[in-house]
Amino acid sequence: MKAIKNIGLVIFLIGLAFFTALPVLGTFNLNEANFNTIIKEQKIESDVFINDIKSNIVGRDFNGMQSLSPKISKALDNANENHTKNKEWDKKIYTKSSAMAAFIGKKSANGFIANNKGLMWLLTFGLGIIGALMFILPNVILLGKKGIKNDGIYHQSATNRGWIGWMVFIFLVSFYLVLYFASEYATNWTLLVDPISEALSGNPAGHWFVYGFMYCTVMTVMAVRMYIKYRHNIYQVFRTTSVLFFQIVFAFIIPEIMVRLQMPYYDFKNAFPLDYDFFFQWNLKELTNTGGIGIFILVWGIALTLVVVPIMVYFFGKRWYCSWVCGCGGLAETLGDPYRQHSDKSLFAWKVERYLVHGVLVFVIVMTAMTLYSFFSDTGTVLGIKTSTVQSIYSLVIGSIFAGVIGTGFYPIFGNRVWCRFGCPLAAYLGFVQRFKSKFRITTNGGQCISCGNCSTYCEMGIDVRAYAQKGENIVRSSCVGCGVCSAVCPRGVLKLENGPEDGRINPTEILLGNDVDLMDLVNQK
Amino acid sequence: MEHIVIIGNGISGVTLARHIRKLSDKKITIISAETDYFFSRTAIMYVYMGHMKFEHTQPYENWFWKKNRIELLKAYVQEVDTDNKVVQFADGGHLNYDKLIIATGSKPNKFGWPGQDLDGVIGMYHKQDLDRLEVLAPNNKVCNRAVIVGGGLIGIELAEMLNSRKIPITFLVREDSFWNGVLPKGESQMINNHIKNHHIDLRLSTNLKEIKSDENGRVTSVILEETGEELACNVVGLTAGVTPNIDFLKSSKIELGRGVKVNRFLETNIKDVFAIGDCAEQHEAIGNRRPIEAVWYTGRMMGETLAQTICSNRIEYKPGHWFNSAKFLDIEYQTYGWVFAKPKDYETHFHWKHHKEDICITAAFHKDTNEFLGINTFGIRMRHEIFDKWLTEKRDMNHVISYLKDANFDPEFYKVYESDILKQYNTTFNTNLTSQKKSWKRIFSKT
């Protein structure tokens, strides 16, 4: 069994090595016909740029994106500089150089990788999946009898911020940097999943498709790990299945099929303000221009945020979204589960959390108000501030860096819910509902708590669960995503997630159940 | 300002200090020789097992003490002079007090076994035991076998700890079935099997005769009393119960039995000296409880109670209905009320066990009045409030069985067994009860 695990690890690492090497491999040769298509598709008017590309790139072989990309961005910068000088505004190219390089790279890839997509898929995704499963599946036997399996978490480098943890950190952060800021280097990755993308939407894959496909793959494989680790706990099994279903069906397949049906790309479960660009001008325009389905999406999107979400939170707590449905939560609960213990439980961290997460909520509301004002009054500025500037700042700082690079990249260091805890504006909104108007609570079982601290240690949201449990007090916290792990790891059966009457949900006590009834009456009724 | 000095920074002393602070402005000093800060003793096993780091066992952040003006003093108390109201430290220092609280907890029992103080023999109680075990048994190469002596709650925890590092274990239990002084037969046997299923060499009805060592005084083997068999081992864990940690009081005028003798107000024979927690011994047992209760929550409750007395609201220590919990490897155990291992003459037991899983309950009731007396549950979590209420209301057994769904505290979506339990009860006692649906209203009603 141990041997299977080790072989699996080696296979996984080989797959990972191929995948990691791909961005700098491959040959690219842009032919005239393809370039003409790009000119047409991208509506390029710049003769300077076209001539530059034609003389320096078309017909030549390039090894690796690192040799092609700088030439393209140089050509682009050159052309734009030229047009700016000559005030030829209509010729200026507004596509970002990395996006342009990605377009050109995609059309010009012609080597071994582009011609053997299936084989390359097997060498990367295939080996990764097989290796990971070989590493995970033997745990059915190796973990022994069912029960909580946290042995050695703080002895292992990967889960105790050791060198493996830091390597994972570097890998994840680099991956997100490529994805958000250097997508041309993802060109080879897009080739691997082209067949899948074409089967779904009819279009070749872009880097976001790679991300979506990878997201589903990673979640599925790591969900197998969850099923094995928590096989005694039906709540965990149910929750994992639920997030997996919503990710694969709602976030991945349905939007792709909608594109095939000439409908807007839309994830029906992605609620504003997590879906921060829902009210952006381009989206509103697209939705209002696509007839019935567009209007339906518009109405659904608004109803989701204003009606569905709060009502569901009232009945079930924010867990129905954050740990049963949400994609960010889904990744956190599968890929991120081995790192849940790293969330900071200090009072200081809680203070930072409240400033940050509510700050982001205010930011998104102000931005959206500006956006809508601009949309309806047809101006680009509000009180002298450009709406598009605010939108770009939000997209960059919150949408890309916070949610992606920090949110996922920092899993091995700060735990798996960094984004959900410190940044997600939807979580902040749901948190208000959960804290002030909900039936959900984690009930503390009378006086059974022994203050061992397992609950706090494994709370991914950094809630000091023990602080409440040892006082016999129910846990009613806006940040709780209801993952149920505190209840699972409790060795004394003290915690239970449940939806009950609002009366008595919050129950501060001085003296716990089990002591002298007269004393309890005396002290608790003050 | 009155100076309250508490010896011991465990759950009893710390709870007391917190509550005194809530009620008053008195000067509070907690003395401990064990650690700088309060930690949860029950959690040290999880540090060795790698579930937590030691800092996670500390329920309060380090700034908490200063903020609440609770002074922490790391010192070993050697003597208490009650005439002059002063405690003497081993390092020569001393501290005056106005009121003194002994909350020094326990230490592992040693029954005079030859070799019981050798290098490699440990208890599993103090932070120092944890540190020592990490040195003695970091893995199964350094420690080829460990022998655990004494089949109680600490014994099985030590077994779980060593098992997590794949160290072979021989577990010596004096009784003919695990913890059968507390657990009824069916339950005790289920735990026997569970221990063996974890590849632990469980030896029932087996006593330790002697511990042997090499020329450096390091443990090399143990010899068993019954068979004379010699077992090679590197570590011996003595977990045959605990005894109050009060040797430093022997020279004082404070009345001692096995523990510090206290009345129902937790007062000793000396004015302004009190004792709480594991080290306190009631003159007479309270109800079915033992005179010395080495249980986490009783220490906490004594702290909660004594804080009232010290802050001028003299109040008796009157614990409510008995309850407790533990975990035997993977099996959770809870108990509410009294279920005796050997039923008292008025007591009838109803035992239900799942046909396959390690899940069972034993409920005790009065054979004449049918009054519900208590329940043990294994693998099913139960709601403390509900059982506390049923015990207070003196509900009969039929009520408990019919409304058992109200008491279930397992996580959502878990398989429930109340109907199976009820069916077997109906068959066994020829009753015709029907299972009542779970009602939030009943669960949360306060009366």
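Glycine is no exception: its Cβ is also placed from the backbone N, Cα and C atoms.
Small disclaimer: the values here were computed from a predicted structure and weren't measured.
Listed as Cβ neighbours of the transmembrane segment (A:7-26) (distance under 8 Å, sequence separation of 6 or more from its ends, same chain) are residues 63-66, 109, 111-114, 120, 123-136, 138, 171, 178, 185-189, 192. The annotation transmembrane segment is assigned in TrEMBL to A:7-26 (among others).
Annotation comment: TrEMBL describes A:119-142 (among others) as transmembrane segment. Only residues 6 or more beyond the boundaries of the transmembrane segment (A:119-142), in the same chain, are considered here, and those with a CB under 8 A from a CB of the stretch are 1-2, 4-5, 7-16, 18-19, 22, 113, 188, 191-193, 195, 214, 217, 221, 224-225, 228-229.
For the transmembrane segment (A:163-182), the list of distant contacts is 20, 23, 98, 156-157, 207, 211, 339, 400-401, 404-405, 408-413: same-chain residues at least six beyond its ends, Cβ to Cβ under 8 Å. Summarising the annotation, TrEMBL assigns transmembrane segment to A:163-182 (among others).
Residues or ranges marked as transmembrane segment by TrEMBL: A:208-228 (among others).
For A:240-259 (among others), the entry in TrEMBL reads transmembrane segment.
The transmembrane segment feature in TrEMBL is assigned to A:293-316 (among others).
What TrEMBL records for A:355-373 (among others) is transmembrane segment.
Per TrEMBL, the feature transmembrane segment maps to A:393-414 (among others).
Residue counts for the domain '4Fe-4S ferredoxin-type' (A:440-468) under DSSP, split into helix (H, G, I), strand (E, B) and coil, are 8 helix, 5 strand, 16 coil. According to TrEMBL, the feature domain '4Fe-4S ferredoxin-type' maps to A:440-468 (among others).
The domain '4Fe-4S ferredoxin-type' annotation in TrEMBL covers A:471-500 (among others). Per-residue confidence over the domain '4Fe-4S ferredoxin-type' (A:471-500) averages out at a pLDDT of 96.
Under 8 Å from some Cβ of the domain '4Fe-4S ferredoxin-type' (A:471-500) lie the Cβ atoms of residues 148, 150, 230, 233, 235-236, 239, 315-320, 322-323, 329, 333, 340, 353, 357, 417, 420-421, 427-428, 431-432, 434-435, 439-450, 452, 454-463, 465, 506-509, 512-513, all in the same chain and six or more residues away from its ends.
Looking at which of A:208-228, A:240-259, A:293-316, A:355-373 has the most CB pairs under 8 Å to the transmembrane segment (A:393-414), the answer is the stretch A:355-373. Residues of the same chain lying 6 or more positions beyond the ends of the transmembrane segment (A:355-373) and with a Cβ under 8 Å from any Cβ of it are 272-273, 276, 279-281, 379, 382, 385, 387, 390-391, 394, 398, 402, 421-425, 427-429, 431, 479.
Helix, strand and coil counts from DSSP across the domain '4Fe-4S ferredoxin-type' (A:471-500) read 5 helix, 6 strand, 19 coil.
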